[in-house]
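What follows is a single structure, written as structure tokens, with notes after it.
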Amino acid sequence: MGKIVLENVQKHFGTVKVISNVSLTVEDGSFVVFVGPSGCGKSTLLRLIAGLEDATGGRILIDGADVTDLPPTKRGLSMVFQSYALYPHMSVRGNIGFGLKMAGMPKDEIRKKVDAAAATLNLTPYLDRKPRMLSGGQRQRVAIGRAIVREPKGFLFDEPLSNLDAALRVNMRIEIARLQRSLGTTAIYVTHDQVEAMTMADKIVVLNAGSVEQVGSPLELYDRPANLFVAGFIGSPKMNLIGGATAEPYQAATIGIRPEHLIVSRDGGGWAGTISVAEHLGSDTFLYVEVPGVGLVTARTPGEVSFHAGERVMLQPDPARLHRFDKQGQAIRG
Amino acid sequence: MARAISPQKKWTFTILAWVVALILFFPILWTILTAFKTEGDAILFPPAFLPPHWTLENFVTVQTRSDYFKHFFNSMVISIGSSLIGLVIAVPAAWSMAFAPAKRTKDILMWMLSTKMMPAVGVLVPIYLIFKNLGLLDTLTGLTGIMTLINLPIMVWMLYTYFREIPVDILEASRMDGAVLWKEIVYVLLPMAIPGIASTMLLNIILAWNEAFWTLNLSAANAAPLTAFIASYSSPEGLFWAKLSAASTLAIAPILVIGWFSQKQLVRGMTFGAVK
Ligand SMILES: Nc1ncnc2c1ncn2[C@@H]1O[C@H](COP(=O)(O)OP(=O)(O)OP(=O)(O)O)[C@@H](O)[C@H]1O
Ligand SMILES: [Mg+2]
């Protein structure tokens, strides 16, 4: 069990409003990711749920019980920190078992549980080492072991992979997602890496300046961004957002088209432009096309198509995949 | 940062360091050497560097005349006792200042330090009277108490700087792991803070051991520590250089030994925060 509900949660640091009126439901067993630009309040929101910060207003409920005024020790959640935050003076065994020891579990039971957790995370050979004698990836796994061994109501992750190199990050991402599915424990995961968000989440919460911009499944956010902020934030490369005269025929203040939804040809219809940069990634090629009157437009084509810089091309937006936004930046449906 | 230092420069620095060290150490060496001289040799002019006639007579006289071991015991009780009591007060104080600072924490720290800037003699009379009225004059309880109080600001400051270096994440992690406050302190904070606490304690023992103003003014015979023992030899009875030196040697020997063995801790303690 581990349903987490936020009701109008607010957080002020002095006079600075960091979180304003966030309401949110995290269903039991789901994997929810908070994304947003740096400084938007992701960590603060997570720490409010953890109980490491006191809410200025609103309520936080875990399984229906109001925990707003409870300390972290009484909330039954566990957390994985960006810095790992392992206890430097304890062995890996001590680190993983610390929570159980605090709960007053008998020694041999702790030993069994720690052994099991270590086996799941391939940490068995390192159980007697101190954290400083481990690599970054191993430390990360110890931090995860410490979180899972207590069988908490929910996991809280604050950018747990940002200190790892790219290859390891992908592995750990898969490992965490798999672990969470197999345990069926609610997880809230903070990241500013939208690839992590898209691949891991059941539900993504897009935050901006302390407010929720949109909540939805990864594909919902990709296919139906509620506003300009989400449209620009989700997807890589970014959606092309075009205003002015180009948007007028569509009865919108701004139109958005993703780079992968532009049909690029040498002599088809659409906007005519000149390729200023072509990035060949192998699988894909990103074209940055200068279109007079529209601006720089990004297009994504399969890798085998050979366009190169300086070439003139035509860009035809796929009308079914076109997004329209009004003056306030809200999506126009229908 | 590794910077290339030419061998020449290195030699110059080495020699300079030795010269400075010898200059600083010379008075102590001279005291120790004089302790082994006869009274006559001690006042020779020009002075003899090494004792012409080595003798242990001064040490024997000093012990029989004024019971070194009693003073030694008093010094131990005062310095270790005040350090331990000080820690009991300073650890929680520094903990809350470092990890739960309030608006005025910085001011309180400055205020605590400012009490050390006042000349001690300025409060001698009131403290003397308080001691007298409470019957604390010339008692170990009184001296340990006053020593705790005068060193408390330094202890809080040192511990505060140490605690500030401990990553808050780790303490928060322990809270998430279900550690209530006292468990967090006992299982997580203290083990990480032990080096800092040890150097604070050592420095404090040394400071208390060498403190001469309050110990001299507030003790007479019963509770007098080694500082009073030394002072009793710079008496108007006449100059007893050799005996004074023997008394001093005996008084500083224990602290010199402690200092020698804990050099590393002390240096780390005093430069903590400055170098990483
Ligand atoms: N203790 C604090 N006192 C005052 N302001 C704070 C405090 N902690 C955070 N803030 C402010 O709150 C805002 C949100 O911070 P937060 O750490 O939640 O951002 P974030 O979304 O996690 O960013 P990042 O992706 O860089 O980690 C920031 O503007 C930050 O400066
Ligand atoms: Mg953050």
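Cβ coordinates come from backbone N, Cα and C, glycine included.
According to TrEMBL, the feature transmembrane segment maps to B:12-36, B:72-96, B:108-131, B:143-163, B:184-209, B:240-261. Annotated domain 'ABC transmembrane type-1' per TrEMBL: B:72-262, in sequence order.
Of the two recorded stretches, the transmembrane segment (B:12-36) does not lie close to the transmembrane segment (B:143-163), with fewer than three CB pairs under 8 Å once pairs fewer than 6 apart in sequence are set aside. Under the criterion of 3 or more C-beta pairs below 8 Å, with sequence separation of 6 or more, the transmembrane segment (B:143-163) and the transmembrane segment (B:72-96) qualify as touching. If you look at the transmembrane segment (B:108-131), the same-chain residues 6 or more away from its ends with a CB under 8 A from one of its CBs are 97, 137, 142, 146, 150, 152-154, 156-157, 160, 213-214, 217-218. Taking Cβ pairs closer than 8 Å, the transmembrane segment (B:72-96) reaches residues 140, 143-145, 147-148, 151-152, 155-157, 159-160, 162-163, 185, 189, 193, 197, 200-201, 204-206, 208-209, 215, 223-227, 250-251, 254 in its own chain, all 6 or more past its ends.
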